[in-house]
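These notes concern the structure reproduced below.
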Amino acid sequence: MKKLAKMISVATLGACAFQAHALDGKLVPDQGILVSVGQDVDSVNDYSSAMGTTPAGVTNYVGIVNLDGLSTDADAGAGRNNIVELANQYPTSALIVGVSMNGEVQNVANGQYNANIDTLIRTLGEFDRPVYLRWAYEVDGPWNGHNTEDLKQSFRHVYQRIRELGYADNISMVWQVASYCPTAPGQLGTWWPGDDVVDWVGLSYFAPQDCNWDRVNEAAQWARSHNKPLFINESSPQRYQLADLTYSTDPAKGTNRQAKTDQQIWSEWFEPFFQFMVDNQDILKGFTYINADWDSQWRWAAPYNEGYWGDSRVQVIPYIKQKWQETLSDPKFIRHSDELFAQLGYGNSDGGNGGDNGGDNGGDNGGETPENCTDDFNFNYVSDNEIEVYHVDKGWSAGWNYLCLDDYCLSGTKSNGAFSRSFSAQLGQTYKMTFKVEDITGQGQQIIDKTVTFTNQVCN
């Protein structure tokens with residue numbers, strides 16, 4: 001306790017010397033720290049239910065080779081990924097997305113998966129919210145099999161495509177390092193793709209005490225030296241079993257577990273975690289806490305072939321849950337609210353179209369429903385650059401549904417008796433629309449195609 005008190009005292013004095021200044025990044029809050037939760041769909045849902053709150057940010061993953069986990073369920077033993085489902089479940093939360101290279105960073109850099117990159121960017125860009133894209137997350141983690149040159153080339157390509165496709169306002173690029181204690185110091189520069197293409201520096205925070213916080217401090221200093229905001233993209237009290245109140249010093253197999261009190265666990269891991277934020281308050285602008293029962297997910301479970309992780313769910317121990325809630329009640333932590341997106345520097349993209357569309361379409365249509373609006377599968381004009389595709393519900397089981405424009409598909413939302421989804425489009429252009437829906441009482445699924453010319457019709 002004396003050592004911790006000394007560390008807090010010195011760090012607090014040092015923090016007072018920091019001067020507020022503008023950081024070079026995108027979707028960076030002027031004040032405060034974004035609080036997000038991960039990292040699989042069901043763990044996020046469990047946290048939200050147990051804590052009685054909507055997370056300000058939610059985290060999930062996708063593989064670039066097959067886009068597994070983007071719009072369909074994917075579980076590689078670390079919990080279920082489905083970014084579209086998660087985004088629809090939390091429509092007013094920021095989205096933090098980790099993209100795996102699936103061990104093929106060279107082919108990614110060579111352009112083999114450029115079409116998948118574009119699909120990913122368009123899907124994320126269509127969500128009306130701040131998106132933090134952790135491209136090739138934990139870039140220097142040896143388990144990922146990355147090489148420096150291909151990694152940097154792919155990072156620069158994605159940054160450029162975000163701008164070319166028109167989504168620079170809501171997709172921010174995060175360069176995340178592993179902060180892994182066994183890695184040698186002084187290597188970050190070899191992985192750096194350039195100040196001009198990095199919006200945030202990210203790090204992982206699991207067991208930094210194993211190397212006296214050297215690796216996380218190195219990452220923080222790298223962000224500071226490049227004037228970039230810092231995001232703790234992955235954090236969890238590794239080797240602690242919160243439900244069982246135990247800790248193991250064995251990172252490989254979790255042997256010789258020691259009994260801990262709830263107060264000990266809080267003081268040993270959580271207090272230094274939040275103190276790290278104090279120490280770096282000049283640059284630290286976001287964190288993601290992985291709130292999961294790692295031991296119940298087969299990738300992390302016994303015999304612990306990928307190391308021993310434990311159980312990090314804060315809700316399972318009343319004392320830890322209370323301390324967590326008390327800590328996050330500090331106004332410096334950005335929680336979910338109606339002002340969340342504005343706090344993150346993201347504007348309301350709906351502001352300019354509503355009145356104009358109403359006037360233009362009312363005049364053109366003469367106040368009457370256009371003749372071609374009688375079709376159940378149709379579209380509405382939103383703006384000269386946005387089309388809403390919809391299909392009237394015909395009583396399908398509809399456990400899933402997708403609306404597509406030129407074979408670019410997104411999960412639809414059901415409202416007022418119809419499934420709908422908006423897409424970027426150009427007025428006057430011809431498009432192929434497709435609707436796919438589960439139909440367990442019929443043929444298993446229905447697939448309906450239609451070719452249309454995008455006009456300023458408004459059908460509903």
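Glycine too: its Cβ is placed from the backbone N, Cα and C atoms.
The signal peptide annotation in Swiss-Prot covers 1-22. Residues or ranges marked as domain 'GH26' in Swiss-Prot: 23-337. Among the features that Swiss-Prot reports, region 'Disordered' is placed at 347-371. Taken from Swiss-Prot, the feature compositional bias 'Gly residues' applies to 348-366. Annotation comment: Swiss-Prot describes C373-C459, C404-C409 as disulfide bond, evidence class similarity to another entry.
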One finds that other Cβ atoms within 10 Å of the Cβ of C404 (disulfide bond) number exactly 20
Tell me the coarse DSSP state (helix, strand, coil) of C459 (disulfide bond). coil
To the nearest whole angstrom, state the Cα distance for the pair C404 (disulfide bond) and C459 (disulfide bond). 18
Can you give me the Cα-Cα distance between C409 (disulfide bond) and C373 (disulfide bond) in Å, rounded to a whole number? 22
Quiz question: given the disulfide-bonded residues C373, C409, C459, which has the greatest number of C-beta atoms lying within 10 angstroms of its own C-beta? C409
Per-residue pLDDT averaged over the domain 'GH26' (23-337) comes to what? 97
So, three-state DSSP: helix, strand or coil for C404 (disulfide bond)? strand
